[in-house]
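Annotated features, as they stand in TrEMBL:
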type	residues	note
ACT_SITE	A:Lys272	active site, proton acceptor
BINDING	A:Gly17, A:Ser18, A:Gly19, A:Asn20, A:Trp21, A:Gly22, A:Phe49, A:Phe119, A:Ala175, A:Arg338, A:Lys365, A:Gln367	NAD(+) binding site
BINDING	A:Lys142, A:Arg338, A:Asn339	substrate binding site
DOMAIN	A:12-193	domain 'Glycerol-3-phosphate dehydrogenase NAD-dependent N-terminal'
DOMAIN	A:261-407	domain 'Glycerol-3-phosphate dehydrogenase NAD-dependent C-terminal'
There are 2 protein chains.
Amino acid sequence: MGSLGPYQRKHKVSVVGSGNWGTAIAKIVAENAAENSDVFDKQVEMWVFEEKVEIGKDSPHYDASVSGPQNLTDVINRVHENIKYLPGVSLPTNLHANPSIEDAVKDATILVFNLPHQFILKTCQQIQGKILPYARGISCIKGVDVSEEGVSLFSERIGKTLGIYCGALSGANIANEVAREKWSETSIAYDPPHMDSKAATPQRSPTSSQVDLVQFQHRDTSGEISKVKLQALPSDYPPINHDILKTLFHRPYFHVRVVNDVAGVSISGALKNVVAIAAGWVEGMGWGDNAKAAVMRVGLMEMVRFGDKFFGATIDQRTFTEESAGVADLITSCSGGRNHRCAKLSVERNQPIEEIEQSELNGQKLQGTLTAVEVNSFLKKQGLEEDFPLFTAVYRILKGQMKVAEIPSYIER
Amino acid sequence: MGSLGPYQRKHKVSVVGSGNWGTAIAKIVAENAAENSDVFDKQVEMWVFEEKVEIGKDSPHYDASVSGPQNLTDVINRVHENIKYLPGVSLPTNLHANPSIEDAVKDATILVFNLPHQFILKTCQQIQGKILPYARGISCIKGVDVSEEGVSLFSERIGKTLGIYCGALSGANIANEVAREKWSETSIAYDPPHMDSKAATPQRSPTSSQVDLVQFQHRDTSGEISKVKLQALPSDYPPINHDILKTLFHRPYFHVRVVNDVAGVSISGALKNVVAIAAGWVEGMGWGDNAKAAVMRVGLMEMVRFGDKFFGATIDQRTFTEESAGVADLITSCSGGRNHRCAKLSVERNQPIEEIEQSELNGQKLQGTLTAVEVNSFLKKQGLEEDFPLFTAVYRILKGQMKVAEIPSYIER
């Protein structure tokens, strides 16, 4: 990407998280960092929560000179494979597994967050004040937190905690397929306050060129206004913009479209699970492909309406109807996802979905049922249940207050 | 629907066509005419191309007093079932099968066209000048005619031939499922020049209240401008508008949304078949649900672009991304439709799609392959192949100039 121009410094990329999806994304950004060494530091750091692993004698990675349990990071750096969370996939040699989160992030200008959502806040607190103040983030964590009070995006929570701007990546992606380079698409949303370029904004301090600060306001759906002070990227780095993010994430097998709508990309990833539950029920009823497509269409429209109602001007409804994070992820989730599958089985076996969850998911919880309950508590408080008949129907069916057979008449209008 | 107000005259509805889909739609409008007798004449006519049928002794409809072959219309009117084209489905008793097309349409203010597209022109010519000059039409014929010269909508062809305005109905509907009252949705598009109301338009003749004429121009994609003189509906009829069309077509099991975008509703029904071929190939390759969703998303965007490019201001891109005729019909066609199925088999068996067509479809032709060729001839003439990489890839793969495995790199941008 010579078109990005000659800058004195290169971007250092760190991936925070090394699970299934974290490692798959780390593989991608390391491949691109290696191929675009004019813009990126070749070595990409991946923070790995250290643990001990055993390598059996029948493994191709068995090394007779090493006995007993080994550190996962050492194994990754020696065999270039995350044998625990992404076995069977070769990783680029320029991807470095780092057991120290502080060391992994300290020089990074681009931080990629990809870990289970329950660990985000704690992890961010751990590195507060220990990152470059002008770093930028991309959150690959799916979904949002919905409560009675409002909707909170993981990207925003990361940004607020660290005092940086953080965008989001979400799409119709299954980690194992992406890691095996099966073709898919994704959406990246990135729309920081205007400050990276030389074009001064009114809030930009004209006197300090190295430490430009922009104070921007964010109002979340609960009405809370937070002020975040954002530090400009020094001008000897290539600007972090849509082009550079595409350079970092796009692969021949992983097509990236970069948009501005962080809220849309994030809430799609949560709400589609609620629609997938409904689609699974309808399929379980044996009503045919048209009925399933109808419930998906109605769900898509409620996703649009939800975004429009609670994020207003900042949302672009085309995120839902045209991007991978929207319509494509919805289609995937309503074809083979676990929410869809468990809902379908619950109708076919005439069992509550909780029982299916227990028997099919090994104690894991469905995201769709949790989100349906959270979304309903929020809608109820706003007096808006009737404006979202499908979301409301899903909630009521989960609570035993309605039957799946009533969906068509309930959403009829 | 008392809200439509008290008018002296009622609408007479006729359905032209009595195949599988024609009879299913006739059932619906007859049910609604019976339930809304303040607005509609209760008896709905259905033109049936007369033929002789035999009723075997084991049929529940066997009548010992009638021997030998009988007229299909007589059987339908006696047993209230189209035993030939929609067996097993009871029809409303107020639906009258009529073997004379001229008699069936002569009093109709609302004409519903639902017959195979190769018979449309001839059928319309047969009733030219023999219908009420202020009648309005709805075409349920899927798809469009694409040639090097442009795109022609069946609704427009009907309208031009008969000198009336004709809208369109299309959606994620399978005749047998709709007939059996399995829930689905559909889209009706209806947007005549403004003339039915008392509010005079500039072109409206102020002197004649019974025979108001509006001359409106239609420019199709080939640039041809046709002038159609449209006669206003006499004011003693309820106006034919979105509300009345919803009253006529909406059922608890058949949810209708009425929009203005006739071109969008019509071309969706054709272009989705091209996308379904691509989705079938991708599924056949075993690339997973995400790849399939990706190719569907890209296809949807090319459908939007096609509409935008060739129908410009008259098209509403939300028809593609939000309505049953658009995204929902696309989803259905990419799940279980014959285009998708044959394409999938052609990859799995490594056979040309024509061979699959022959072995699977009993000599019938796939709509998707025909449309892909037609669309390509049009795009090629306009020098626009590169702007529609998926449509172009489908054409080239069909012609053996490209391989399915090349789709991701070909559409990468």
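Each residue, glycine too, has its Cβ placed from N, Cα and C.
Sequence features annotated in TrEMBL and their locations in the structure.
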residue	record	contacts (Cβ under 8 Å, 6+ apart)
A:Gly17	NAD(+) binding site	A:Met46, A:Trp47, A:Phe113, A:Asn114, A:Leu115, A:Cys140
A:Gly19	NAD(+) binding site	A:Tyr85, A:Asn114, A:Leu115, A:Pro116, A:Ala175
A:Trp21	NAD(+) binding site	A:Asn114, A:Cys140, A:Asn173, A:Ala175
A:Phe49	NAD(+) binding site	A:Ser18, A:Pro99
A:Lys142	substrate binding site	A:His117, A:Ser170, A:Gly269, A:Ala270
A:Lys272	active site, proton acceptor	A:Gly299, A:Met303, A:Gly326, A:Asp329, A:Leu330, A:Ser333, A:Cys334
A:Arg338	substrate binding site	A:Glu360, A:Leu361, A:Leu366
A:Asn339	substrate binding site	A:Asn273, A:Ala276, A:Ile277, A:Gly280, A:Ser333, A:Leu366, A:Gln367, A:Gly368, A:Thr369
A:Lys365	NAD(+) binding site	A:Glu357
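Among the residues A:Gly17, A:Ser18, A:Gly19, A:Asn20, A:Trp21, A:Gly22, A:Phe49, A:Phe119, A:Ala175, A:Arg338, A:Lys365, A:Gln367 said to bind NAD(+), no two Cα atoms are farther apart than 27 Å. For A:Ala175 (NAD(+) binding site), other Cβ atoms within 10 Å of its Cβ number 19. Helix, strand and coil counts from DSSP across the domain 'Glycerol-3-phosphate dehydrogenase NAD-dependent C-terminal' (A:261-407) read 118 helix, 0 strand, 29 coil. Mean predicted confidence for the domain 'Glycerol-3-phosphate dehydrogenase NAD-dependent N-terminal' (A:12-193): the pLDDT average there is 94.
Between the farthest pair of Cα atoms in the substrate binding residues (A:Lys142, A:Arg338, A:Asn339), the distance is 15 Å. Classification of A:Lys142 (substrate binding site) by DSSP places it in coil, neither helical nor stranded.
Residues A:Lys142, A:Arg338, A:Asn339 make up the record's substrate site, and a Cβ search at 8 Å around their centroid adds A:Asn273, A:Ala276, A:Ser333, A:Gly337, A:Leu366, A:Gln367, A:Gly368 from the same chain.
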